[in-house]
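Record features (TrEMBL):
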type	residues	note
COMPBIAS	769-793	compositional bias 'Basic and acidic residues'
DOMAIN	205-486	domain 'ABC transmembrane type-1'
DOMAIN	520-757	domain 'ABC transporter'
REGION	769-801	region 'Disordered'
TRANSMEM	7-28	transmembrane segment
TRANSMEM	48-69	transmembrane segment
TRANSMEM	85-103	transmembrane segment
TRANSMEM	115-136	transmembrane segment
TRANSMEM	200-223	transmembrane segment
TRANSMEM	243-270	transmembrane segment
TRANSMEM	343-361	transmembrane segment
Amino acid sequence: MKKVPSILSVTLIAVIDLLACILIFVLLEDQKDIDDEIFSFSYGGSTFDLVIWSCFRLCIFLGASIGLVRNPNSVKKFRNSTKMMVYYGCGQAIYVVLKIMFFTEYNMDKMGKRVWLLIGISLFTCLTPYIGWKIYADVPIVKRKQGFTSINDDGDDTDSIKSDDSEKEENLNALDKEVADQYGSFHSIRQLVALAKDDLPYVMIAIFSLLLCSAAQIFLPYYTGQVLNYIVIDRSVEKFKEAMLYMAIITLAAGFFSGTRAGFFTLVFARYVLRLQKQLFESIMKMEIGFFDVRKTGEITSRLTSDCTKVGDGLGLNFNIFLRSIVRVIGILAFMLKISWRLSIVTLVSVPVIGILSEAFGDKYRKLAEQVQNSLAVANESAEEAISCMRTVRSFAAESEEVDRYSEHLQKTYKIRVKEAILVCGYRWSTELTDLTMTLIILYFGGQLVFRNELSGGHLVSFILYSMDLGYAIDDIGNVYTGLMEAVGASKKILVYMQREPKITYDGNQSPDSGIDGHIQFKDVSFSYPSRPDIPVLDKINFTVNKGEVVALVGPSGGGKSSIINLLEHFYEPTNGQVLIDNIDVKNYDHNFIHTTMSLVQQEPVLFARKISENINYGLKPKADQDLIKNSAIMANAHDFVDDLPEKYATETGEKGVQLSGGQKQRVAIARALIRNPTILILDEATSALDSESEYIVQQAINKNLTGRTVLLIAHRLSTVEKADKILVIEKGKIVEEGNHKDLVDKGGVYSALVQRQLLGYDDEHTRGGSRKIDIHKSDDRSHPKGSPEKHSYSVSPVRC
């Protein structure tokens with residue numbers, strides 16, 4: 001094993017640690033003193049316990065090494081228990097620091113070379129358990145395959161050499177969840193900080209104001225103690241007035257810079273959230289269509305709204321307090337050390353305790369915060385779905401059902417919030433108990449120093465005020481740390497979206513100045529949707545659409561017709577084969593160029609909650625003038641109804657065009673397609689959802705705009721496709737028939753069956769039984785409103801056998 005030398009080196013360091021402590025204890029001490037330290041042990045007068053600590057460290061490493069050699073797969077346990085070694089190191093450090101204080105308090109005469117060496121070794125070795133555990137945790141996991149051993153390392157013991165990518169993936173999979181979460185949090189924080197680089201001048205002003213404000217506030221307890229000394233001890237009015245003047249100046253400065261700090265931090269984070277939401281939305285807009293297939297709208301909008309807000313609020317308030325508290329802690333510690341280093345040591349004991357509590361509670365709180373965000377996202381999805389489908393909800397009288405469903409999701413969120421409340425309660429209880437205990441200890445030892453005239457009463461008051469401020473600052477750090485972790489938890493999913501690379505890129509650069517001719521070719525195209533990769537949708541499709549040709553795709557539902565349209569629009573990329581326009585792969589075209597020369601009209605057109613003119617002009621660069629908008633509406637048979645509206649083209653369509661009828665929406669959608677003057681026009685069930693009158697009007701708009709364009713259309717209503725130059729019958733992902741309307745009907749295959757079922761209303765059983773025939777010779781105007789002309793109609797009539 002390649003890591004064996006590292007493991008042995010850790011154990012060797014522990015052995016050297018023990019030998020050094022024993023030699024220092026024995027050689028630098030008289031025999032009588034050694035006996036006294038062992039048999040008359042006292043915490044503040046003996047160093048024998050430091051030798052015992054070194055023995056304990058050696059036992060830990062020996063046990064860990066033996067366990068790892070006997071069971072190499074126990075590496076996971078080391079990874080899971082790394083934090084325990086951090087706690088152990090903090091505990092040892094507290095023990096040694098308190099020992100220094102007791103020694104200097106009661107046995108200063110014994111503080112010789114031996115004591116300082118043992119204390120120095122003990123403080124240095126506080127880090128070795130954590131370092132050793134990290135080395136153990138990095139040992140590769142051994143896997144046994146078919147009777148032989150394979151070690152996941154890059155040494156000679158492997159049965160095969162793996163690629164760098166596979167090694168990285170395996171190592172990441174081997175990481176335990178806790179370590180992975182920690183790495184994710186650090187990565188998230190780093191990325192969040194990087195987003196603020198554009199506001200660096202404002203950040204620097206805010207931080208500079210924060211430093212000055214904190215520095216001014218730090219002097220106040222010191223001068224408070226001085227004032228008490230001048231009143232009680234010196235009884236000097238001049239010195240008293242001078243100290244009060246300094247305090248007044250410091251107070252004014254602190255107030256001024258506090259306001260500047262708050263104002264600039266508020267401005268910075270307002271700009272920060274704006275940038276975060278903008279970049280997140282830009283990233284979402286770049287995602288491939290498959291990204292949206294597997295994610296609910298509510299989940300995505302929740303990232304834009306609640307998560308971005310939580311990140312902004314969490315960082316805006318908590319970062320401000322966190323940074324201010326850090327500065328205050330540093331300044332307070334400097335003054336405390338100046339007043340009394342002994343009392344400072346007592347106070348510092350509480351710092352690792354608070355740190356451990358913050359880490360333990362903060363980690364759990366962060367995980368709960370992520371659960372809350374996930375739960376809220378699910379609740380938002382439920383509410384958004386109900387609101388967006390309100391007509392359906394109302395028509396089925398399902399309001400109470402939707403309320404119950406939403407309440408159920410909120411109840412799940414509430415249960416997680418209860419866990420958060422319990423966690424916060426435990427954290428507050430722990431930190432308050434620690435603060436009060438340390439205050440009592442400081443009062444006791446400080447009083448002893450005052451009685452021995454080693455400290456003045458005023459300085460003791462200053463120190464107590466500083467210790468209280470230190471407690472508040474550390475408490476603030478702990479509180480805002482949980483808030484920062486909550487913001488980090490919300491940011492992780494935001495950053496996942498922002499840093500996700502689209503699986504389909506739109507970076508083609510083909511944009512011929514002369515435009516395109518409109519020649520379409522599908523060449524051995526096979527396709528499966530990314531969300532269902534194991535289910536083939538298209539199987540080696542081959543067909544050609546010549547320039548100016550009208551080609552219709554018909555066939556049973558689920559056959560793959562819309563998938564062909566999706567591939568042509570480059571919503572997806574084929575699994576195999578190519579989709580060509582003018583003999584150039586569609587993915588190689590410039591994204592804006594190809595979607596300007598190719599327009600799509602869908603079965604259920606989507607209109608945005610904007611004016612009619614804005615919907616017609618949607619996506620056009622540069623924007624068209626009003627005359628062009630009007631002309632496209634005339635071509636789409638939309639101008640008449642738009643002109644009858646009170647606000648005409650300035651009429652708001654409502655969310656998803658709810659203010660317009662189905663036929664009106666469809667005609668606006670056709671106008672939106674025609675305003676681009678597209679070379680290729682794609683019609684996906686453009687009339688199937690309309691009533692007969694609306695269908696006729698829309699069909700007229702379509703028919704008069706087919707000339708000179710390459711048209712690919714999907715339709716179930718055969719009256720829409722009968723005049724197509726070519727009809728492709730798609731069934732189960734394959735082209736089963738190809739030809740014009742008459743040839744396919746005469747052929748008596750799938751298309752003929754569709755004609756019989758759809759135009760005559762006969763089922764397959766009648767057709768197969770021979771009880772009916774179809775004679776395609778006479779027009780039937782049932783698809784048109786009364787009195788309408790019969791142009792572009794092609795119908796069938798039954799005759800008796």
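Glycine is treated like the rest: Cβ placed from N, Cα and C.
All TrEMBL annotations are machine predictions without curation.
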Exercise. At least three Cβ pairs under 8 Å linking the transmembrane segment (48-69) and the transmembrane segment (115-136), pairs spaced 6 or more in sequence?
Worked result: yes
Exercise. Of the stretches 7-28, 85-103, 115-136, 243-270, which racks up the most C-beta pairs under 8 Å with the transmembrane segment (343-361)?
Worked result: 85-103
Problem set entry | Residue numbers, six or more beyond the limits of the transmembrane segment (7-28), whose CB comes under 8 Å of its CB atoms | 34, 47-48, 50-51, 54-55, 57-58, 60-62, 65, 68-69, 112-114, 117-118, 121, 125, 128, 131-132, 135-136, 139
Problem set entry | Local confidence of the domain 'ABC transporter' (520-757) - pLDDT mean | 83
